[in-house]
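*Asks:* Okay, here's the structure, questions in a sec.
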Amino acid sequence: MILGDDECNINEHRFLVALYTSRTLFCGGTLINQEWVLTAAHCNMEDIQIKLGMHSKKVPNEDEQKRVPKEKFFCLSSKNYTLWDKDIMLIRLDSPVKNSAHIAPLSLPSSPPSVGSVCRTMGWGRISSTKETYPDVPHCVNINLLEYEMCRAPYPEFELPATSRTLCAGILEGGKDTCVGDSGGPLICNGQFQGIASWGDDPCAQPHKPAAYTKVFDHLDWIENIIAGNTDASCPP
C-alpha cells in the first residue's frame with residue numbers, strides 16, 4: 001500500500017485490520033469498537049475474513065484473531081458508491097474481540113480535520129508504484145491533508161463535483177502515497193481517525209496526484225445510528 005516510508009512499529013496499529021478473501025489480503029480496515037470495523041464500500045467482497053492484531057503476514061502474533069462479517073452496512077447499495085461519495089462500509093463482526101497487546105479500537109473523531117494537518121496512513125498494500133511488490137508487515141507514511149481541489153484538478157476525466165465528503169491527502173512532490181491494497185485503511189490526522197482510503201492514481205505516488213479518502217467526520221451520525229441498532233439510518237446527502 002504504502003510508498004515512500006517504512007515499516008509500521010508493531011505497537012502503533014492495534015486498530016488496523018486486514019481483509020482477506022481466500023488467502024489474498026485485498027484491503028485494510030479500522031476497528032472502531034469491539035464489534036465493528038469501518039472500511040471502504042469498494043472493499044466489499046464475498047467470503048471476507050477479517051484478521052485483527054496482525055503485523056507480519058508470515059509470523060502470527062499470539063493474540064491475533066479472525067472474524068467474519070455478521071452484517072454489512074452501506075450508505076447506498078454497495079454497487080452505487082462513487083469516486084467522491086459514500087465509499088464507506090460498516091462491518092459487524094460475528095463475535096466481539098477483546099483488547100490485547102495488539103488489538104484495540106480507534107475512536108471516532110471529535111472534530112473535523114484541518115487542511116495542512118500531517119496525517120498518517122498505513123497498510124499492507126503495494127510498496128512499488130510499478131511492480132506487484134507487497135510487504136510482509138504494514139508500512140506507515142506521513143502525508144499532508146490538502147485542499148479538495150488538489151484532488152479534483154488532476155483528474156478531469158472523473159468529473160468530480162465542486163464539493164464532496166471526500167478528503168484529499170498526499171505529498172505534492174510525489175513519492176509518498178497509499179497504493180493498491182491499502183484501500184479501506186485509516187487516515188489519522190493529529191491523532192484523530194479522519195479518513196478511509198478510497199482511491200488514487202495508478203501508478204501511485206506521482207507528483208501532483210494525491211489520493212482521496214472518505215471523510216469519517218461527515219458520516220458520524222450514520223455510523224453511530226447503525227451501531228445503536230437504527231439500521232434504517234440514512235447517510236448525509
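Using the three backbone atoms N, Cα and C, a Cβ is placed for every residue, glycine included.
Just so it is clear, the model here is predicted, and its values are computed rather than measured.
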*Asks:* In Swiss-Prot, CYS119 is listed as disulfide-bonded to which of the following: CYS75, CYS168, CYS179, CYS189?
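*Replies:* Answer per Swiss-Prot: CYS189.
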*Asks:* Identify the disulfide partner of CYS168 as annotated in Swiss-Prot; candidates are CYS140, CYS151.
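*Replies:* Going by Swiss-Prot, CYS168 is disulfide-bonded to CYS151.
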*Asks:* For CYS168, CYS179, CYS189, listed as disulfide-bonded residues, tell me which one has the smallest number of other Cβ atoms within 10 Å.
*Replies:* CYS168
*Asks:* Could you measure between CYS179 (disulfide bond) and CYS189 (disulfide bond) for me? Cα positions, answer in whole angstrom.
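*Replies:* The Cα atom of CYS179 (disulfide bond) is 19 Å away from the Cα atom of CYS189 (disulfide bond).
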